[in-house]
Amino acid sequence: MRALCIGLVGPGLIGKALVLQLDQQAAYLATQMGLRVALVAVANSRRQLLAPAGAPLQGAQDWQERLQAAGDPVSLPALASHVAAQRGPGGVGVIVDCTASDEVPDHYAAWLRAGLHVVTPNKKWGAGPLPRHAAALAAAREGRARLLAEASVGAGLPVLGPLRDLVETGDAVTRIEGILSGTLSYIFNTWAPGQAFSSVVGAAKELGYTEPDPREDLSGMDVARKVVILARGCGLKTELSDLKVESLVPAPLREGSAEDFMRRLPEFDAEMGARAEAAAAGGGVLRYVGAVDAAAGTASVTLQTFPAAHPFAQLRGSDNVVSFATRRYAATPLIVRGPGAGAEVTAAGVFGDVLCIARGAAE
């Protein structure tokens, strides 16, 4: 039986969901895949907990308390060394970055060069500086390791894998479009005619769909990072600064507290309402869309109008959708649709990448 040793950086909502899934599937993976899964290290921004051999953390109900009470000061190089030591001969070592940090990806190249695989939903990696991106990919080739980030776009939806398959099998991707924010999908899917835009944003905030400061969602930067990741998946050398991003935050409200923003947002309801009415007058709806024009080498994030029969107009709740137009899928684009947010589905996307690596290592 092969060892699959995992080090987790970032035990937040997604990280905790992943640990639970590892525990629930451990017996299945042992009997059906011949994998002995062991979560051997966990680190947050301050502390880390390294498990002794034979005592994986995913089966310990008190691992969170142990991390807070007795964990050592965080040292990501030490965590990586521990994962490498625990995997043993023939084993697989994977470091999972479930943070939203822009600093943790700085370590990817060293981990990959040492033969440790990396899996992450962290958009700061995929949309970060191109030199760091290229250095990590080169290190993966050097260390014969893999770096997978399926869950960085669309949570658990299969988006980056199919894109990679299209490119590697020789298809020509011409355009990618998608509704890539669960928050903004919910807002525009539930915004009814005659309803104030600010009231929909307020309701989404109360339900926990938005960040504590909704401007983080309405600015479009989360969508922009996902668009950069998709553009790079097409082979484009796109930086975040290259994108045209239409912010939904009125210019006078971009400074100040979140409370002031919510208090003053109704002042701008008429402007957004006019756009919605114009769309409805033509039989359409508004949707916030990220797009990659691979042929032109450009990318954008904008508020667009779609006819009621369009797949983007038919979403419900906080679902995401991605459309791939390619040489092979020219007349009818390839559509991927489903839940694009949530800790459980995102963790499942991460878990799937981990198992993809384990299967590849067995071949």
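Quick reminder: no glycine exception, Cβ is built from N, Cα and C everywhere.
These features come from TrEMBL:
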ACT_SITE  LYS226  active site, proton donor
BINDING   GLY10, PRO11, GLY12, LEU13, ILE14, GLY15  NADP(+) binding site
BINDING   THR99, LYS123  NADPH binding site
BINDING   GLU211  L-homoserine binding site
DOMAIN    10-148  domain 'Aspartate/homoserine dehydrogenase NAD-binding'
DOMAIN    158-355  domain 'Homoserine dehydrogenase catalytic'
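Location within the structure of each feature annotated in TrEMBL.
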| residue | record | contacts (Cβ under 8 Å, 6+ apart) |
| --- | --- | --- |
| GLY10 | NADP(+) binding site | ALA43, ASN44, VAL96, ASP97, CYS98, THR99, ALA100, SER101, VAL104, ASN122 |
| PRO11 | NADP(+) binding site | VAL19, VAL42, ALA43, ASN44, GLN64, LEU67, CYS98 |
| GLY12 | NADP(+) binding site | CYS98, THR99 |
| LEU13 | NADP(+) binding site | ALA343 |
| ILE14 | NADP(+) binding site | CYS98, PRO121, ALA151, ALA343, THR346, ALA347, VAL350 |
| GLY15 | NADP(+) binding site | LEU8, VAL42, VAL96, CYS98, ALA347 |
| LYS123 | NADPH binding site | ALA100, SER152, VAL153, ASP222, ARG225, LYS226, ILE229 |
| GLU211 | L-homoserine binding site | THR183, ASP217 |
So around the NADP(+) site, GLY10, PRO11, GLY12, LEU13, ILE14, GLY15 aside, which residues have their CB within 8 A of the centroid of those CB atoms? LEU8, LYS16, ALA17, LEU18, CYS98, THR99, ALA343
Around the Cβ of THR99 (NADPH binding site), how many other Cβ atoms lie within 10 Å? Please give the count over every shown protein chain. 24
Cβ atoms near LYS226 (active site, proton donor) (within 10 Å, other residues, all chains): 26
Any idea what DSSP makes of LYS123 (NADPH binding site), helix, strand or coil? helix
